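Visitor: The transmembrane segment annotation in TrEMBL covers A:34-53, A:65-83, A:118-140, A:147-166, A:192-212, A:233-254, A:266-285, A:292-312, A:318-336.
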Amino acid sequence: MTSVMHEDGPRGAAGMKRNGSASMRRLFAEGAKGPIGLLAALVVLIVVFSFLNPRFASIENLQNVLFQVSVPLILVVGATLVIQMGSIDLSIEGIMGAAGMTWILLSPNTRTMIDLGLWAWLIALVLGMSLGLMTGVIYAKLKVPSFVVSLGTWYVGLGIAILLYGNNSLPSLTSEALARWPTGLTLGLPHAFWLAALVLLFGLLISNYTNLGRGLMAIGNNEPIARMSGMPVNVYKIGAFAIAGLLGGLAGILATMQLGSGSTDIGFGQLFVVIPAAVIGGTALGGGEGGMIRSALGVVLLIILNNGLVLAGVDPDYQSGVFGLILLFAIIAVAWPERGRLKVAK
Amino acid sequence: MKPDAPVVLRLTNVSRSFGKIKAVRSVSLEIRKGEVIGLTGENGAGKSTLLKILAGIERPDEGRMEINGKVANFKGPNDALKAGVGVVHQEQSLFTNLTVAENIEHQNIERQGLSRFGIHDWGRINREAQKVLEKIGVDLDSRTRVGDLGFVDRQMVEIARAVSVNPDKSGTPLIILDEPTAVLEQAEVEVLEREIRKLREFASVIFVSHRLDEVLRICDRVVVMRHGELTSDRLTEGVTKDELFRAMVHETPSVAMRSRAAPSKEGQAAIEVRNLTRHGRFDNVSFAVRPGEIVALVGTNGSGRGALARALFGAETFDAGTIEVNGKAVSRWTIAKAVRAGLAYVPAERKVEGMIGGYPGTRNIALVHPEHARVGPFLRPRKMAHIAQQWFNRLGVSPNDIHQPLAQFSGGNQQKVVLAKWLNNPELKVLILDHPLRGLDVGVSQAVNREIRKACDNGTAVVLIPDTIEEALEMADEILVLKDGRVSARHDMRSAGELDVREIVSEMV
């Protein structure tokens, strides 16, 4: 993958000449899209927050940040694959709920007397992947917009979680080893983060080295050409949603482990971290752009922002608003070079 | 090219019809190894249908196609690629977000072992692509992202991709270039010409172009199509442009069908443009249209007339020059302002830009000037229906049902409603028509032309982009010929005596 991204005018360089002032475009295009801009933004945030509260730069807090980064990092890998092909997956919170609840009820817990060990993982992951497959098949074969299909899948997942939860008592993890695993440190980094890093590596491989990953980029860039070139477009589309579902399941298990007990809304708020993170990382919602590393940086940026605002003593009530503003800014920045006249945005 | 070179493509009596229209009629053609064939003809002569048959996009109804000595029955574009037919389409069809190598090789990745178990072998993909680039003599790094390339380099990547799809090493690839020069600058055209000369060393080429100068310069043989038939197939040596024009255009040498009193050339222009320029589209165009006048913009695809018409209406930007409406220069021109100033635009893409298919006639007609059917902020359905009914009756829309969704009407009747939408304005000053008769039969065409003339008689200025030159000769008071974005000729029909279609064609190409 090339690291420097330019916007695509209809005629490349010639297309760039027409819109806006050059300096403005450079500022926005690189600030939003280039990993260097992202890294710079990260450094600025870290410096500012360290200045506001020296505790921010402590080892403990950085471990804490990485712990918080883990779940959305796993999710953003799947989300990036889906968004790169120009679709969107809104179902992650529901899938997390279904998979997380399934996992805890099949692992040592206060509710059921079942402990399937590794099978609990497998069953929960397969459930997540099946929900993703369902979205993918309905979207690719029945041609229903992924936006709507995945909204439905979200609530199917949530429904499964609620049914499993029932009216009984809260299921809590009874295995100390499992409950402590995510916070445990190896080489100074929490296990949860190691897991997420592994997933990121997996995502990078898929995105850059497989027919599926490159095919998704091609579909996002120009689906009719992809079809005319004989690509198995539907297979790729379903594959992307299946992977996103699988990773949603994994994120649900990890989040449940982190919490130590089962919850139907274990995924609450993740969607609003993951999608903006991908967009801030330069994954255009129209598809065909962006990359795993930059999406991951987007996640880190948002989590650090959140963490830093807390440590800086900002009223938690303001944080939603700040998140929203950051998202708006990022979307404007990404759309900036494309704002030609008569372009229909949907 | 040696005369005894093997035959790469042989077409025998190939035909293709769409409904009643015979787009390709019994075409027979032979192309030998190393030959460069120029294919030319007017819009709608059947060139693109013939290309689609060769590319496996359309299937012939009749006739026989042989490529490298084998009968070709293409079921889809993939079959054509496998047989060694590579097409460089007029519209570029590259993935701009992928690398040069991926674009060149993506059709081969699964077939030729460039990936294993779905995992790319980047080293081999890059090397194979680089080999193709070297073969056609293009100096590009196969790892570059296509979006970072200039236009002519992208064209080279398209050619490389077309060349790469020849799995049968013994066969000769057939490379089709569909109007590759239409959007190129002069220097870029020269690069392309050099490239074509290299291609002939190992391939046969079909070069489609409107520009006869280029065809005569680049090709060994010229083939002309008219009304779906091959009307001329000659060696380039010794052929004159005039002979080619005659093969391209109808035998009727001059048309004089003006059927209404010529409006005066005096007075305030309804719309006037001075030195209007949009880089890469149109350049330094000036003209004025007075009330009651029809000015036709004539040119080939890519001559810039479509972009010019859209700029007049505020649908596209321009870089330099001025537009004056009723004597006042416009600034920050938008469609909303244009509509308020009394401009109207009937687009070429009717279904996409001209109408809302799910809406019935009533609401389509009320789209642009709802003020005629409104009380305060509220639309009055009965008034809307009344207005729509008047227009349906006047234009003879069939079926005469103003409540039926417009998508269910035929194209001609849709066009009548699109026209009514704009004509439903007593303050109409300028009517811009982009291919108003596209896809219409004779009856509807006459109805539409009648309405255009009627609007003129009521003092509307008309800017017309006609489908054919005959249409321009029939309707226009003044004809502007555009070539590559510039005005190459002007004809005032009021003073001009006999005007020849061929003369205009020669100014276009």
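In case you wondered, yes, glycine gets a Cβ from its N, Cα and C as well.
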Visitor: Tell me, please, if the transmembrane segment (A:266-285) and the transmembrane segment (A:192-212) are in contact, taking contact as 3+ Cβ pairs under 8 Å between residues separated by 6 or more positions?
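Guide: They do not touch: fewer than three Cβ pairs between the two stretches lie under 8 Å.
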Visitor: Which of A:147-166, A:192-212, A:233-254, A:292-312 shares the most C-beta pairs under 8 angstroms with the transmembrane segment (A:34-53)?
Guide: A:292-312
Visitor: Taking A:147-166, A:233-254, A:292-312 as candidates, which has the most Cβ pairs under 8 Å with the transmembrane segment (A:192-212)?
Guide: A:233-254
Visitor: Restricting to CB pairs under 8 Å, which listed stretch, A:118-140, A:233-254, A:292-312, is in contact most with the transmembrane segment (A:147-166)?
Guide: A:118-140
Visitor: In the same chain, who gets a Cβ under 8 Å from the transmembrane segment (A:118-140) while lying at least 6 residues past its ends?
Guide: 78, 87, 89, 91, 94-95, 98-100, 102-103, 106-107, 146, 149-150, 153, 156-157, 160, 233-234, 237-250, 252-253
